[in-house]
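Trainee: This structure is in structure tokens; I'll ask about it shortly.
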Amino acid sequence: MSSAGVVEMQKAASFRREGGGSMASMWLSADGNGAFSRSSSSSSRRMRGEEDDEEALRWAALQKLPTYDRVRAAILPMVEGEGGEAGGGGGGRRVVVDVHSLGPHERRALLERLVRVADDDNERFLLKLKERISRVGIDMPTIEVRFEHLEVEAEVRVGNSGIPTVLNSITNKIEEAANALGILPTRKQTLRILHDISGIIKPKRMTLLLGPPGSGKTTFLLALAGRLKDLKFSGQVTYNGHQMEDFVPQRTAAYISQHDLHIGEMTVRETLSFSARCQGVGSRFDMLTELTRREKAANIKPDADVDAFMKASAMEGQESNLITDYILKILGLEICADTMVGDDMVRGISGGQRKRVTTGEMLVGPANAFFMDEISTGLDSSTTFQIVKSLRQTIHILGGTAVISLLQPAPETYDLFDDIILLSDGHIVYQGPRENVLEFFELMGFKCPERKGVADFLQEVTSRKDQKQYWAQHDKPYRYVPIKEFASAFQSFHTGRSIANELATPFDKSKSHPAALTTSRYGVSAMELLKANIDRELLLIKRNSFVYIFRTIQLMTVSAMAMTVFFRTKMHRDSVADGVIFMGALFFAVMMIMLNGLSELPLTIFKLPVFFKQRDLLFFPAWTYTIPSWILKSPMSFIEVGGFCFMSYYVIGFDPNVGRFFKQYLLMLAVSQMAAALFRFVGGAARNLIVANVFGSFMLLIFMVLGGFILARDKVNKWWIWGYWISPMMYAQNAVSVNEFLGHSWDKVLNNSLSNETLGVQALMSRGIFPEAKWYWIGFGALLGFIMLFNILFTLALTYLKPDGKSQPSISEEELKEKQANINGNVLDVDTMASSNNLAIVGSTGTGSEIADNSQPTQRGMVLPFTPLSLTFEDIKYSVDMPQEMKAHGIVEDRLELLKGVSGCFRPGVLTALMGVSGAGKTTLMDVLAGRKTGGYIEGNISISGYPKKQETFARVSGYCEQNDIHSPQVTVSESLLFSAWLRLPKDVDSNTRKMFIEEVMELVELKPLRDALVGLPGVNGLSIEQRKRLTIAVELVANPSIIFMDEPTSGLDARAAAIVMRTVRNTVNTGRTVVCTIHQPSIDIFEAFDELFLMKRGGEEIYVGPLGHHSSELIKYFEGIQGVSKITDGYNPATWMLEVTTVSQEQALDVDFCDIYRKSELFQRNKALIQELSTPPPGSSELYFPTQYSQSFLIQCLACLWKQHLSYWRNPPYNAIRLFFTTVIALIFGTIFWDLGGKMGQSQDLFNAMGSMYAAVLFIGVLNGQSVQPVVSVERTVFYRERAAGMYSALPYAFGQVAIEFPYTLVQSVIYSIIVYSMIGFQWTVAKFFWYLFFMFFTLLYFTFYGMMAVGLTPSYHVASIVSSAFYAIWNLFTGFVISRPATPVWWRWYCWICPVAWTLYGLIVSQYGDIVTPMDDGIPVNVFVENYFDFKHSWLGFVAVVIVAFTMLFAFLFGFAIMKLNFQKR
């Protein structure tokens, strides 16, 4: 299992060599025998059989090598046709090879000989390994894990204070500060996750951990793995009697998380190889050395292939090794080994394959104990069975320890385990041998029905909702048996007593194998880890080359624009004012290179989840990660900055001196490196993209404002002068300005000058820049210091900070009451009982899956009537254009047919399962019938109760429950349902009836206790997967549809959750609706809850359409009637059997076509007749007709969308609270930096300073708004696609709601900013001027926000929108009128000033404050005249400017609406 739990093929244990002590002493125990010895003398066994003389000589030569060389050399057959390379096919002459340098071909050939088919050969191979180790008396290290009196608690907010509204986020932060100071008592409640549990996990035994969601399984596994840091923890966990402090638990045991965090740009093989390289080989090398020494002494010749395998897998420092290949094979990942893992942006492997990569990542290491959390999610039952079987072989043969949590283990998988731990609400209800578990529950009065999987029974029997159906003591009345009662009864049960007795005797530490527990912190040397990270970083730079190429092109483009704006023929050196324009060009260059570093933020943050996972698993220390990310990206700066400087230096007309050119290039390189380091640090410290964007912009803004150009040094107030001295941009601006203005072309004294200073020095002094030449090197040195500082801070942040946490844990009062009632057996109040007792039939009669049914008569019709409708379809064909990849492989057809003439019918009150293997076309057929396809070619007839289907009307009477459970994250369950009902129920349904109907639906789907729970984002916060599934169903049900399609409603759920969802589905059918579900791999009782089956085979053809029958009898009878089909065995799942006997390989083996057999059957004729019958409209019926496309008017749609957006925004503090907080802080900082500068108008520099305050605020707060709105709109757009397809509303009301909700938040933001800044900077206090200032700020922030929304609307994803919009921000910045005024802009670019929205904002702000002031400045020119001459800003234009600003706002909002209406980036 070495190499990964699944392998540790030598489980020599994870004991590492530590410095000091000889090899011999390391493996000697106290009595003088070797650490791996089992007896004092090793047996001496001779080689058997005759050997080829040549090979015998080769082996003899190998044995004579020194130990170090001997463990690196193996004898392998030569590869035919490979020029003598070894490692190939089975036969041929054998040669001695160095195992450290085996190539992929040789490794593959060796594995083929050892484990050709994982299913058949793995056990044989492991037994060979074990036999080799055992025969020289070496013992495998084992670990026994004990946990005693384990208690874990968390602090949670209960009720409304836990809902993250803008107000709550502020009050909770204040409350936490007051708690910390001891001013206020905390309102949080303590929630116990684990309740005083004790037990033993034995080695060489497989332990299955079961329990419903929220029972504490993940917390328990984390506690066993020594990974609980953030929760209150008491009790102890020991390994072989040793406390956690005595060894390194993260490396001794491997915790495999249920979250699949991987770098999408790496292939599966690269991901596992990197993991293996970091984790090292544990004690495999040391054990191998001892093994070969003993074999040599005993003159034993091992199996050559096994010897080669063990040697190759004991070598450290290989970029890819044999263990990786072995794990890929046994996890069934060979087929996708060289495919990218993928993520949201990169297409990659499937969810099930990704789950296996997560498992394999830890199996390639040398850990001896494995704690695996839900490793089967997304896998089909046969793959899960195969993986668990391989793990079982490794654990049993090589002596590992494993606790594995599974969601819905099939009976055959369940039977692979030796022990069971059943956890419920933090109590251990049972722990011990699998054989005794049913005996315990029978003693408690509960019996598992015949056709019920034991694992499913165990997960349901402790639940209040499900327990009653299993009550077996019919002579006694049933009463609810609470969890506490089960737990205490288990203590008295014989298994519980034996565990208690064993725990009473402490583990004898002297029996612990010296190599069992790992004491070194990392698997390999620091230099090896650094090398591994360097190789990975180089790979990722290559794979992400698009980002760097795009960044370079973007910088070049801006450089090209800059050099044509500051064109040398227009750049003069006749006055200080000319110098200011040159300085503007230099400022713009420095700022663009700073902004170019901003792309490090998302690149850093997207990799952090994987980094934190690997750091916490002790793959490597943070510095081995941060150094490569700094050093290896430096060459990019040379190219990007080189392009910028080489293009622009001469064309702009900077000082024509080659030395000064290279000094400018050197300085810009330092700026580029400093910016990248700064933003990496911000990303590492913030760990969240929204927060990082805010603080990255914030730091950039502060550095820029205090950088010496926007506000001259002599104007910086004394309380902010420290900020000037620590701003990297100050040093950059000083150095680059000194380099230019002390050059020869500025070395002249003006005739009209009052001083003898050169023009260059005067220009420098006019902006408060130090005019001495030494300031170039001071600036350069300071930038190098900042580069070092930010990289060190980045390393420290990644070393000590925790991963970005989930939001504050909260729980509703109803959930808390229900939890306590389940534990203690308290009676629940009426509201909570309403949902707990809403039980209905799940299975067909006699299966034991019945549940007392108290609700049929009253719920049959429900409050709102509906018309039952049937759906028939005949000869449905669906094809798409042939993919280019397939054409490249020689396929000549123009179209690829996915459905081939499928026919069938779905009827009211009949629950139909749509099944088939992956690629059979289940979801495709459902999408075609529901009208959800956005492309492709559809042929055939679809009728609704005999009338041709029209999509506009069909959407009104149908519901579609998608597999992905897409909902707005910031609304509650009841609000989601109200929104759906409001927009989809007919106009004539009044609000009271609507509310009653919603209550009925919530009761039907058991959502009442969760009515006030926030939906949240999947896998991040809010509802669990199973609760989201039920919400998806409820959202469709409140539309009162007649026909409902459900795509995989039980995938990713545990057995109990799947039963709850199926009960919901069954309840829905019992109301008389037509329901069709695609289903993946159902358990027996879920499968038999269906009435009919529509079975498809790969290629899109039906092979069985008809009733299931009692205990699936009709289905079994049909397939067993086909000659050659193997009979089903007793108790076997009919669904699994049916899929197994209808595979393509079975068709080929039997030489039949199941589709042909079905089309020639009597069943097909019956179905044809039924389709004919249902395709004729019943007498007296009429075709579906609705006077309008949507059930509600345009106005109601707008109001409903606005209502939902209001709730979403109010409960989104990371977006709204942070932008309001940021705006307030920026306003206070600006107010203090530009304190009282608004009233100073003596010099032109005073006006530039005031304009600088406006420019910086507008640009940065505006860009912040534009950036931070994008992820919000992107999440809501995916919900919009689902809701529009469901016929809830048209695109414009959605766009209206999204646009309108921004008005109040932006107004508050503008008012906060304007009041603070206006008063502190000291602009003229007149009502008109203040309101003009507020007006321009408000509409500017609004158009920036709408521009960000528009960018999302026009692009397929948030990431692309972010890149596109940032390119335009750079161009806007150039043409604002601040860096270079409009009159100074070359005529060929002046047109852009008129279409740049920020230029109009600055026009409005300047002219409204200064355009009417006639007071003369020190040089006698009136202020308004200077403003008009220098900027070309006319006060008479103020009204027109205001209209233009409003027009830009409306334009961006309109374009957002247009994009949402016309563009659909969802492809189906």
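Just so you know, the numbers here start at 1 and follow the chain as drawn.
Placed from the backbone N, Cα and C atoms, the Cβ positions cover glycine too.
Sharing the features that Swiss-Prot gives for it:
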- 33-53: region 'Disordered' (REGION)
- 178-450: domain 'ABC transporter 1' (DOMAIN)
- G211, P212, P213, G214, S215, G216, K217, T218: ATP 1 binding site (BINDING)
- 528-741: domain 'ABC transmembrane type-2 1' (DOMAIN)
- 546-566: transmembrane segment (TRANSMEM)
- 575-595: transmembrane segment (TRANSMEM)
- 634-654: transmembrane segment (TRANSMEM)
- 666-686: transmembrane segment (TRANSMEM)
- 778-798: transmembrane segment (TRANSMEM)
- G916, V917, S918, G919, A920, G921, K922, T923: ATP 2 binding site (BINDING)
- 1217-1237: transmembrane segment (TRANSMEM)
- 1247-1267: transmembrane segment (TRANSMEM)
- 1303-1323: transmembrane segment (TRANSMEM)
- 1330-1350: transmembrane segment (TRANSMEM)
- 1360-1380: transmembrane segment (TRANSMEM)
- 1387-1407: transmembrane segment (TRANSMEM)
- 1440-1460: transmembrane segment (TRANSMEM)
Trainee: Report the listed stretch (575-595, 634-654, 1247-1267, 1360-1380, 1440-1460) having the maximum count of Cβ pairs within less than 8 Å of the transmembrane segment (1303-1323).
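Mentor: Answer is 1247-1267, with the largest number of Cβ pairs below 8 Å.
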Trainee: May I ask whether the transmembrane segment (1387-1407) has at least three C-beta pairs under 8 Å with the transmembrane segment (1247-1267), counting pairs 6 or more apart in sequence?
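Mentor: Answer yes: the transmembrane segment (1247-1267) meets the transmembrane segment (1387-1407) with 3 or more Cβ pairs below 8 Å.
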Trainee: Suppose I define contact as three or more CB-CB distances under 8 A, residues 6 or more apart in sequence; do the transmembrane segment (1330-1350) and the transmembrane segment (575-595) meet it?
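Mentor: Result for the transmembrane segment (1330-1350) with the transmembrane segment (575-595) is no.
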Trainee: Whose Cβ, among the binding-site residues P213, G214, G216, G919, has more other Cβ atoms within 10 Å than any of the rest?
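Mentor: Output for this query is G216.
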Trainee: Same chain, not part of G916, V917, S918, G919, A920, G921, K922, T923: whose C-beta falls within 8 angstroms of the C-beta centre of the ATP 2 site? Give them in sequence order.
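Mentor: Those within range, site residues removed, are T924, M1096, R1098.
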Trainee: Are there 3 or more C-beta pairs under 8 Å linking the transmembrane segment (1360-1380) with the transmembrane segment (634-654), counting only pairs at least 6 apart in sequence?
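Mentor: These two segments do not touch.
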Trainee: With H, G and I counted as helix, E and B as strand and the rest as coil, say where DSSP puts K217 (ATP 1 binding site).
Mentor: helix
Trainee: Relative to the mean position of the Cβ atoms of G211, P212, P213, G214, S215, G216, K217, T218, the recorded ATP 1 site, which additional same-chain residues have Cβ within 8 Å?
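Mentor: Result: L423, S424.
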Trainee: Using a Cβ distance cut-off of under 8 Å, indicate which of 666-686, 778-798, 1360-1380 has the most pairs with the transmembrane segment (575-595).
Mentor: 1360-1380
Trainee: With the transmembrane segment (1387-1407) as the reference, find which of 666-686, 778-798, 1217-1237, 1360-1380 contributes the most Cβ pairs under 8 Å.
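Mentor: It is 1360-1380, which has the most Cβ pairs under 8 Å.
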Trainee: How would DSSP class G916 (ATP 2 binding site) in three states?
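Mentor: Reduced to three states, the DSSP call for G916 (ATP 2 binding site) is strand.
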Trainee: Considering only the binding-site residues P212, S215, G216, K217, T218, which residue has the minimal Cα-Cα separation from G919 (ATP 2 binding site)?
Mentor: P212
Trainee: Is the transmembrane segment (1360-1380) close to the transmembrane segment (778-798), in the sense of at least 3 CB pairs under 8 angstroms with a sequence gap of 6 or more?
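Mentor: Not in contact, no.
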Trainee: Just to verify a number: CA distance, T923 (ATP 2 binding site) to S215 (ATP 1 binding site), in angstrom, no decimals.
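Mentor: Just about 33 Å between their Cα atoms.
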Trainee: Report the mean pLDDT of the predicted model across the domain 'ABC transporter 1' (178-450), rounded to a whole number.
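Mentor: That region's mean pLDDT is 90.
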Trainee: In whole Å, note down how far the CA of P212 (ATP 1 binding site) lies from the CA of K922 (ATP 2 binding site).
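Mentor: Their Cα atoms are separated by 29 Å.
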Trainee: Give me the count of other Cβ atoms within 10 A of the Cβ belonging to A920 (ATP 2 binding site).
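Mentor: Summing over all protein chains shown, A920 (ATP 2 binding site) has 25 other Cβ atoms within 10 Å.
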Trainee: Using a 10 Å radius around its CB, how many other CB atoms surround G211 (ATP 1 binding site)?
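Mentor: The Cβ of G211 (ATP 1 binding site) has 24 Cβ neighbours within 10 Å.
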Trainee: Once the chains shown are all counted, how many other Cβ atoms turn up within 10 Å of the Cβ of K217 (ATP 1 binding site)?
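Mentor: Cβ-Cβ neighbours of K217 (ATP 1 binding site) within 10 Å number 22.
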Trainee: Give me the long-range Cβ neighbours of V917 (ATP 2 binding site): same chain, 6+ apart, Cβ under 8 Å, in sequence order.
Mentor: K1097, R1098, L1139, T1143
Trainee: C-alpha of T218 (ATP 1 binding site) to C-alpha of S918 (ATP 2 binding site): distance in Å?
Mentor: 30
Trainee: Least buried of the binding-site residues S215, T218, S918, T923, going by other Cβ atoms within 10 Å?
Mentor: S918
